[in-house]
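Peer 1: What Swiss-Prot records for this protein is below:
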- 102, 103, 118, 119, 154, 155, 172: S-adenosyl-L-methionine binding site (BINDING)
């Protein structure tokens, strides 16, 4: 797990940074090239040795997610089709690899209740910061509080014990990019520097299939092999990804 510096910008609440570190079990490492930076507006992740990559933060209120919510494909989005949204059916979903919460937010904006699991404390802190700002927003706060929640836990452990059982478990494990690093999106380069590869991702499929009551959906790059080497004939395809769909295990 990558080390981080914990920094507060001028005008930010230094006491809030200390409370955040205590809550998420984060320790300041002065030699780390990654930093969690509390600004007066939000919590950000920065790669100090590559400042041109910019800052990573979770924003459910504005930016690309707001645009996607207002003008995106809605129920026609591939992730919506993959989890089975249809008519009045809005499945209860566990996103076991929440990351920056983008797909989870899309599903919540369409009406699903989504529980996000995130094991990395720095990522969980970023997600929670974004959630709290989203909960406080007059437009999306009322439904966001009802539909999108965060659990800081190891997915492998949580999938064995989580109650109530969800209808759908969604998995989007980190997979090495095929492109040269310069072509990988800047935000993903910063994010990957923090979390590394999901080396234990294959171990998620079986417990996910035991927990879900309807289906497990695994998002993969189009060139990636199936998770855990388990092929399935059922998939929703996009130009660059596929959503492999698995039946539950009895």
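The backbone N, Cα and C atoms fix where each Cβ goes, and this holds for glycine too.
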Peer 1: Which of 154, 155 has the fewest nearby Cβ atoms, counting only those within 10 Å, among these binding-site residues?
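Peer 2: Looking at the binding-site residues 154, 155, the Cβ with the fewest others within 10 Å is that of 154.
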Peer 1: Far apart in sequence but close in space: which same-chain residues, 6 or more away, have a Cβ under 8 Å from residue 103 (S-adenosyl-L-methionine binding site)?
Peer 2: 79, 95, 170, 172, 219
Peer 1: Please identify, from the binding-site residues 118, 172, the residue with the sparsest Cβ neighbourhood, meaning fewest other Cβ atoms within 10 angstroms.
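Peer 2: Output over binding-site residues 118, 172: least Cβ neighbours within 10 Å is 172.
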Peer 1: Measure from the Cβ of residue 102 (S-adenosyl-L-methionine binding site) and count the other Cβ atoms within 10 Å, all protein chains considered.
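Peer 2: I count 17 other Cβ atoms within 10 Å of it.
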Peer 1: Using DSSP, would you call residue 118 (S-adenosyl-L-methionine binding site) helix, strand or coil?
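Peer 2: DSSP call for residue 118 (S-adenosyl-L-methionine binding site): strand.
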Peer 1: Where does residue 154 (S-adenosyl-L-methionine binding site) sit in DSSP terms: helix, strand, or coil?
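Peer 2: It is coil.
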